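Participant: Before anything else, here's the structure in question.
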Amino acid sequence: MATPGATDDSSMPSLQLQPKFCFRSLQDMVPARVVLYMLSFSGFLVSFMLRTDINIAIVAMVKLPSTPTNSTEAQEKYCFVPPTSNVSEQPDVNITSLSEEGEFDWKPKTQSAILGSLYWWYFLSQIIGGVLTHQFGTKIVFGFSQLVTAVCSLLIPQAAVFHYSALIVLRSIQGFVSGLTWPAMYALIGHWIPSNERSRFMSSIQGMSLGIGLTYPLCGFLIAHYGWRIVFYTTGSIGLCWCVVWWLLAFDLPHKHPRITRSELAYIQRTIGNTVIGRKEMKVPWMSILTSAPAWAIGVTTFGRIWVYYVFIIYGPLYMKTVLGFSIQKNGLLSGVPFLCSYLLSVIFCYLADYLIVHGILSLTNVRKLFTAVSQIIPGLLLLAIGYLGCEINLVLVSWFIAVTVITAAFAGAMANAVDIAPNLAGPVLAFAQTIHMSASFLSPLTAGVILEEDTSLVAWRKVFGTAAVVAIGTYSMFQLCGTAEVQSWNYPDGKIPAKTAPEDLQLLSAKPLEKNNFESAAES
């Protein structure tokens, strides 16, 4: 029989551990997958701030292209009267004025090289990113990429003043390391996120749209009040701060996470099952990936979407200045708002996709094809219409807004498909697909630069938009013909698809899976 003293001693540890227990319970209210979602979301937000800040900054850095001095001739080719030396004569305070004249006399071809240099090595680093992620994990690869990109951003003002070639070198470095982020994050999704949550988790990658949407108005404000240099100091500093948070909270595998609850870990292991193994336990079957029609379908069809997307991202601000004649602040706002809204719509698309899957309304393959079609055919047609709307500015802006927002349906379509067909090799598969489709990220601005070299009028822009529309709609046919959501046999070490898990283990959580796991975690605690 225990003595009174012993009873008192045994009760002491529980009293001492009570504060820790309460703090742990508070931690368990936030599933590790939610933290991962926020890291992914904020990571892509910061990444695209660092990549796209120059797209709006270059509008203020470079001198205006020459336009016809005759007002009648100008209105036939542009949607504004060129600014005169007397600023008070300008009809609209929102119209570009002489006070916004840049300091660099860079020709359109030089500007195209600066804007496109980010993507010269970007698409080549996809394969390298897949290999590095397979070897070192997402935490190191993604974090290193963000760190280098942020440091380069801080150096851009000095490089631009020195010579535009130095600026191109920095942008090329940024592009190469930025290319590592995609296969790195996809590999993490394959290990962490069950198939019935992947469409929703993919909306975290749409942090990129929010990053663009915030960058353009923010940069417009900073440039108008403090000059273009402050833009790069601001985005670079934000990037460095994010790297610290990532290093403290990111973990490659669920079972290595120090805070994950047993119920959440069991849920992940049960729903992902044996489709995913340790990344070092198998070699990447590159030949199988290179000869896979579904993998090619992802790369080819997304090539068209990327082509259209980068017309909006890279050349959108330039179009709004040189043709529509908007001031830098109005330019930033109108360029950014569609991307802000596109994030909200991407969440809706992803939840709708999961709803269609969970309730058996459409198969996973048909869901991927439906949302891929929405993300490419509609923007392609609208972009074609913008070219012929001319100076009907309200209609142009509405069409522009809708096109940018519906592009995000791809995150419930082809962009999620790499994890579907090979959850264990999502990083390498995406690296292969991105090597194909990210080539559009430099071919698109290069083509636009060639078209606009001698002429920046509405006629030339119509050619830019028409080319993008044809590419987007034409490449979608590949996904319609060869796309699938079935896990491929080469996803497994022995090349054989294992027996299906019991139906009750694959039961999709139709209500609120994260909330359910929270209650289970609290009960276990």
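Just so you know, glycine gets a Cβ as well, placed from its N, Cα and C.
Feature table excerpt (TrEMBL):
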type     : residues : note
TRANSMEM : 34-62    : transmembrane segment
DOMAIN   : 35-486   : domain 'Major facilitator superfamily (MFS) profile'
TRANSMEM : 113-133  : transmembrane segment
TRANSMEM : 140-161  : transmembrane segment
TRANSMEM : 173-193  : transmembrane segment
TRANSMEM : 205-224  : transmembrane segment
TRANSMEM : 230-249  : transmembrane segment
TRANSMEM : 336-358  : transmembrane segment
TRANSMEM : 370-389  : transmembrane segment
TRANSMEM : 395-417  : transmembrane segment
TRANSMEM : 429-452  : transmembrane segment
TRANSMEM : 464-482  : transmembrane segment
Participant: Considering only the recorded stretches 34-62, 230-249, 336-358, 395-417, 464-482, state which has the highest number of Cβ pairs under 8 Å to the transmembrane segment (113-133).
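Facilitator: The stretch I would name here is 34-62.
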Participant: Quick one: find which recorded stretch in 173-193, 230-249, 370-389 has the most Cβ pairs under 8 Å with the transmembrane segment (34-62).
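Facilitator: Answer, by Cβ pair count: 230-249.
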Participant: Can you see whether the transmembrane segment (395-417) and the transmembrane segment (205-224) are touching - at least 3 CB pairs under 8 angstroms, only pairs 6 or more apart in sequence?
Facilitator: yes
Participant: Could you tell me the mean pLDDT over the domain 'Major facilitator superfamily (MFS) profile' (35-486), as a whole number?
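Facilitator: Averaged over the domain 'Major facilitator superfamily (MFS) profile' (35-486), the predicted model reaches a pLDDT of 83.
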Participant: Any contact between the transmembrane segment (370-389) and the transmembrane segment (140-161)? By contact I mean 3+ C-beta pairs closer than 8 Å, pairs at least 6 apart along the chain.
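Facilitator: When sequence-distant Cβ pairs are counted, the transmembrane segment (140-161) does not touch the transmembrane segment (370-389), since fewer than 3 lie under 8 Å.
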Participant: Could you pull out which residues elsewhere in the chain have a CB under 8 Å from any CB of the transmembrane segment (429-452), counting only those six or more residues past its ends?
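Facilitator: Sequence-remote neighbours of the transmembrane segment (429-452) are 108-109, 111-113, 115-120, 122-124, 126-131, 179, 182-183, 186, 289-290, 295-296, 298-307, 310-311, 314-315, 418, 421-422, 460-461, 463-464, 467-468, 471.
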